[in-house]
Amino acid sequence: MTTFEPGFLWGAATSSYQIEGAVAEDGRLPSIWDTFCATPGKVDNGDSGAVAADHYHRYPEDVAIMRELGLGAYRFSIAWPRVQPLGSGAANERGLDFYRRLVDTLLDNDIQPWPTLYHWDLPQPLEDAGGWPERDTALRFAEYAQIVHEALGDRVAHWTTLNEPWCSAFLGYATGRHAPGRQEPAASIRAAHHLLLGHGLAVQAMPDARVGITLNLSHVTAGSNADEDVDAARRIDGMQNRIFLDPLLLAEYPADVMRDLEPVTDFGFVQEDDLKTIAAPIDFLGVNYYSPMLVGHGTEARPSAYVGSEHVQHLDGGRARTSIGWEIDPHGLLDLLLRLDREYPDVPLYVTENGAAFDDEVHDAGRVAYLDGHVRACAEAISRGVALKGYFAWSLLDNFEWSFGYAQRFGLVHVDYDTQRRTPKDSARWYAGVIRRGGL
Ligand code: IFM
């Protein structure tokens, strides 16, 4: 049997726009995702998060499910457009009240609330003013963080500032595959910096809180030992992992990444002390891992989220894939955790998302196998000395999978979107067993 220490935290994760629905209730105003979904052709099937899993009204039932699963923590995100509908100014108390009710219900059920302040739903007025490429958005984010912390800080112990700034910056502003749908590579680098700055300023705005950030990281390898393939892997590792890890944990942008980006930007937007602000000590690093990356040199440049490295090709590693098309490789998670421990020691790690989309419904053997393999990788990492403190499955519920709409299901719990009926899948029962036994 593979066991974890008794204090190891077992959780599940969701995010506001993906599950809440109720987009026009209690004073919430549109975010960039409401606007993006309303733009024809942006989201498969014309789907939107307008109703989603109706968690805004059904959270008591959802917390009861969490309790049945035995979750120690629930990672959710707070919708900025509920709390500050215009992205600045006074707080909307009715919006905050929803999170007060949710947090209290979690605590009544012995489940630790793990809120994330930003999981991509930027208030539309802030995008109208330029969005994350503008420095002011970082200042507004810190103001919002302070409001939420003042409202919930007495009941919430662990805070996460941002979820996956890579997606916000590069899918939002380089490829345009995510809201706000802009295709402006140079602006995407400014966005990445201002997201990081917003994180650092938010850490300052929440004194005495235990704060972390969640990054979507990958284990990147080269398709061959040829110099140009090895260089391709260095570039993608730089733009996926180190462009966030280095400023946060080493207080610098990686020199090779800055060189790669010379044709795009001179980093003139980085002001004195920004890196000091960004590298404020954090209490934990959240790691979202789904799939590894195998890359090689290509001759043709194509529009890409990997700004400055548009010629790099993404190769097929020959492994089985989930229904969303991502290769399955638990070993990639082990390699990633070992690497983080080696190159960025001293920061406790949590796997804040890991999971799989499969088309099947309640009998989801593929998801059970996926989760089993990745939880084993976590155990192996811990046995090799990695300070991994917890694991959150993505996702508690089937939900709105961004530009894929509702077609991709990641939930441990099936949601019938016509009736909103929740049905725990086999993977939910499997996960409850893991939690109960403290291992596999
Ligand atoms: O659904 C997303 C989530 O919002 C962020 N991380 C990846 C998940 C699966 O794509």
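Using the three backbone atoms N, Cα and C, a Cβ is placed for every residue, glycine included.
Just so it is clear, the model here is predicted, and its values are computed rather than measured.
TrEMBL annotations:
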type	residues	note
BINDING	Gln18, His119, Asn163, Tyr290, Trp394, Glu401, Trp402	substrate binding site
ACT_SITE	Glu164	active site, proton donor
ACT_SITE	Glu353	active site, nucleophile
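Here the features listed in TrEMBL are painted onto the structure.
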{"residue": "Gln18", "record": "substrate binding site", "DSSP class": "helix"}
{"residue": "His119", "record": "substrate binding site", "DSSP class": "coil"}
{"residue": "Asn163", "record": "substrate binding site", "DSSP class": "strand"}
{"residue": "Tyr290", "record": "substrate binding site", "DSSP class": "coil"}
{"residue": "Glu353", "record": "active site, nucleophile", "DSSP class": "strand"}
{"residue": "Trp394", "record": "substrate binding site", "DSSP class": "strand"}
{"residue": "Glu401", "record": "substrate binding site", "DSSP class": "coil"}
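Checking each of the binding-site residues (Gln18, His119, Tyr290, Glu401) against Glu164 (active site, proton donor), the C-alpha distance stays within 10 Å for His119. Taking the C-alpha positions, the distance from Glu401 (substrate binding site) to Glu353 (active site, nucleophile) comes to 14 Å.
Using a 10 Å radius centred on the Cβ of Asn163 (substrate binding site) and all shown protein chains, the other Cβ atoms total 25. The two recorded residues, Trp394 (substrate binding site) and the residue listed as 'active site, nucleophile', have Cα atoms 5 Å apart. Calculated from their C-alpha atoms, the gap between Trp402 (substrate binding site) and Glu353 (active site, nucleophile) amounts to 16 Å.
Counting only same-chain residues at least 6 apart in sequence, those with a Cβ under 8 Å from the Cβ of Tyr290 (substrate binding site) are Asn216, Trp326, Glu353, Asn354, Gly355, Ala356. Considering only the recorded positions Glu164, Glu353, Glu401, the Cβ with the fewest other Cβ atoms within 10 Å is that of Glu401. Summarising the environment of His119 (substrate binding site), the number of other Cβ atoms within 10 Å of its Cβ, over all protein chains shown, is 26.
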